[in-house]
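Q: Sharing a structure, written as structure tokens. Questions coming.
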Amino acid sequence: MGPRSLKAKNTNENTTSSIVRREKVPDQARRNPPPFLKKAPEEEEEEGEEEEEEEEEEEGEEEEEEETEEGEEEYKEEDEDLCRERSWGDILGTYLPSTDPIIVENAQCRSDVDAFLRVVTDYKLLALVIAQEGSSLWPLKLPDSWGKVPDGIMYGNILTWGVMEECTRILVNTTIEDPVLDVHFRGRYCLVKYRNNEGATTTLQQQQAVQDLQHNIQERHQARMGSLHSVSPLPLVSYGTCMPSSCTPSDLLVSIEAVLGNYSSDLTVDCHTKDEIKWLNAGDVVFIVFLGIIGSVLLFATIADVYINFYNKQQLRKGPLRFLLVFSVSMNLNKIFHINLKEGPHVISCLHGIRAMSMIWVVWGHSYFIDFRATVNLAYATQLTDNVFEQTIMGGNFSVDSFFLMSGLLVTYGVLKEYKRANKINWLKYYIHRYVRLTPPILLTGAATATIARFALVGPEAGQVERSVVDVCREYWWHDILYISNLPNIMKICLPQCWYVCVDLQLYLVAPLVLIPLLYKPKIGMIWMGVVTIIAMMIPMIIMGVYSIPGTLVFDHPAVEPKAYVDVYGKPWCRAGVYLVGMWGGMFLHHYKDRHLKLKMWQAVVGWLVAATLALLVVYGIADYNTLVNYKPITLGVGITFEVLGRMAWGIALLWVIVACHKGYGGPINTFLAHPSWQPLSRLTFSMYLVAFVVQSLYVGVIYTPMYFNHLNQFIQTCGMLFISGIIAVIVSLISEGPIIGLEKILLGS
């Protein structure tokens, strides 16, 4: 490196050093520099000009930066204002119909909504309206009745119904001298339900938003909630809103769709007003006329019965009047509530208690599943499945097997008894008797559900319940009286609980195929019944194995599709096993009808221990799989074993209870089950079974607020359901069961 380069380097170093030091030079030193730093006048002028230019450039840059910052701040403020307006507009668009004529064509609706918005956004106008309306306060009550963001969304509270009564009681008659504020309307309450529709087109952000909202409950409460497949039909969100009565549900629906755009959604809107009139249709009129006629017949029959008893003219009961007297309310009430303290030795008295307790078990179990639709603490509700008490409730699945067992037992016992008495069986009477006894209560319950039941629906969920219960019953009522509602490809059922009645009747129809050989060739008949029993066990195993259905005893298994579930659960060929166990029991009891069954004490004790062990294993054996907490998938082998052998084991355990109690080895258990106080409830079991499920289904459409789900509330509700169902069952029995039994005895003999 040469001297010039070295000098330049030194100069640069000095310059840099002077700059650093320059920052430390006092202002006075800058104004009066030392003589050796002074420059020539020309250089000073040039430097002055350069400094002025630099200062001007710096000032310009600072001004531009300030203007840019001010512009960005203004843009941010405008953007925030726009976002606020857009967010507020979107919120209003989900609660009220739009005032945009492009979206809502209903001019009166737009006018009333616009008037409301003007009032609530202008406090002076709001004060004027409130002062004129007095205590009405409709501008405040209308939004006050809306369902807002609820507490505990992450805990499963997706229902915010608002206050329906507050909304429907709103009556607006504003007469302010303003054409826009001259409004007259009532409040119209609407329940909006949003479900995720996987088939719709959405953006990635929209899909993510739906997934976050839909799965947050499960992800944040995985240990508590498990999978929850069976309640997947629940809405993603359900909220109530209130709007002017001039607006229609479609006005609100199109407004919400305009806000959501092509969001993945399935929207339903159900609306109600206080002055809404439910007009009678032809079916309603026919049913009411029928009730009027049957009521008159019951009245005249009761008067005639009282007259005969009062004046002791019993001979009149043998004439044509006997056809009228079977409708007597007093006589049929006496038959229902009569308590026979000393029943005959051939009466299986313990069946009264078993039948009544099984009915209570059914109603209690149904309350736990039906009420999921109106539960605010879904996450906590799923925790209830992880304890012994809940497994007992879920074991109500086997209560229906108890009815199948008793049905098979009584059919076999009755046929063998009749054959021994008359040495023949009137098979035509056998079939007519069953159909005539079952059909009138079913027809009456279905007719009431399809007609007058809708007048009891007054809550936010009334529309949904009317569509799923009343409308379906109105269209498919004939499935039940033909007993085909459990057959394949029939998914719409008027009375879903009738699946049991259909299976029971279908098994009753084919029972003679097993009974006839037993009547004429008992030994061959027993071998044949054994073969049929094995076949009845194999059929469900094959079906479940071929279609990979892991049983129907697991509450929430994802592999059990609804149709597959019905194809196993409600089919006679899959339920025949426990029915045949009952037939074996009926044959055994008939064989020992006039004999004493001799058992040693240890044999009786072993019998009770085995029966108790089987019952406990069946009810609690799959507790690890039958829960929504820490979900454990059930294997196909375990599922099939419990589905087939479990039901058979339950039947065997219950059959031991019946045999032991009837033959004197029941002890305190027989004292409890055979107590006379069970008799009235036992006689009402069939009517209560039909009525209770309808009452429970309609209850969701009657309540105004969602329910808090826990064991105590469900117990209290079950007690209320049993009481109400019992009262209605008495009415059903007085109208249908009692008179039909009386007419059957007159026409067909005892």
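Including glycine, each Cβ sits where the backbone N, Cα and C put it.
These came from TrEMBL, pasted as-is:
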REGION    1-83  region 'Disordered'
COMPBIAS  8-19  compositional bias 'Polar residues'
COMPBIAS  20-30  compositional bias 'Basic and acidic residues'
COMPBIAS  42-82  compositional bias 'Acidic residues'
DOMAIN    123-277  domain 'Nose resistant-to-fluoxetine protein N-terminal'
TRANSMEM  285-308  transmembrane segment
TRANSMEM  398-416  transmembrane segment
TRANSMEM  436-457  transmembrane segment
TRANSMEM  498-520  transmembrane segment
TRANSMEM  527-549  transmembrane segment
TRANSMEM  569-589  transmembrane segment
TRANSMEM  601-623  transmembrane segment
TRANSMEM  648-665  transmembrane segment
TRANSMEM  686-709  transmembrane segment
TRANSMEM  715-735  transmembrane segment
Q: Can you work out whether the transmembrane segment (686-709) touches the transmembrane segment (285-308), with the criterion being 3+ CB pairs under 8 Å where the paired residues are 6 or more apart along the chain?
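A: As far as Cβ distances go (cut-off 8 Å, pairs 6 or more apart), the transmembrane segment (686-709) and the transmembrane segment (285-308) do not touch.
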Q: Thinking of Cβ pairs under 8 Å, which stretch from 285-308, 436-457, 498-520, 569-589 has the most of them with the transmembrane segment (648-665)?
A: 569-589
Q: Residue list, the transmembrane segment (398-416) vs rest of chain: Cβ under 8 Å, 6 or more residues beyond ends.
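A: Here the qualifying positions are 348, 351, 354-355, 358-359, 361-362, 365, 425, 430, 500, 503-504, 507-508, 511, 515, 518-519, 575, 578-583, 585-587, 589-590, 618-619, 647, 650-651, 654-655, 658.
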Q: Do any residues of this chain, six or more beyond the ends of the transmembrane segment (527-549), have a C-beta under 8 angstroms from a C-beta of it, and if so which?
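A: Apart from its flanks, the transmembrane segment (527-549) reaches 513-514, 517-518, 559-560, 564-565, 567-568, 573-574, 576-577, 579-581, 583-584, 587, 636, 639-640, 643-645, 648.
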Q: Using a Cβ-Cβ cut-off of under 8 Å, list the residues of the same chain that are 6+ residues beyond the ends of the transmembrane segment (601-623) and lie near it.
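A: Distant Cβ neighbours of the transmembrane segment (601-623) are 388, 391-392, 395, 398, 553-554, 634, 638, 642, 646-647, 649-650, 652-654, 656-657, 660, 665.
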Q: Please give the sequence-distant neighbours of the transmembrane segment (285-308): residues at least 6 beyond its ends with Cβ less than 8 Å from one of its Cβ atoms.
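A: Residues 314, 316-317, 321, 324-331, 447-448, 451-452, 734-735.
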Q: Cβ under 8 Å to the transmembrane segment (436-457), counting only same-chain residues 6 or more beyond its ends: which ones?
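A: Same-chain contacts beyond the ends: 278, 283-284, 286-288, 290, 465-466, 469-470, 473-474, 477, 480-481, 494-495, 498, 501, 505, 686-687, 690-691, 694, 698, 701-702, 732-733, 735-737, 740-741, 744.
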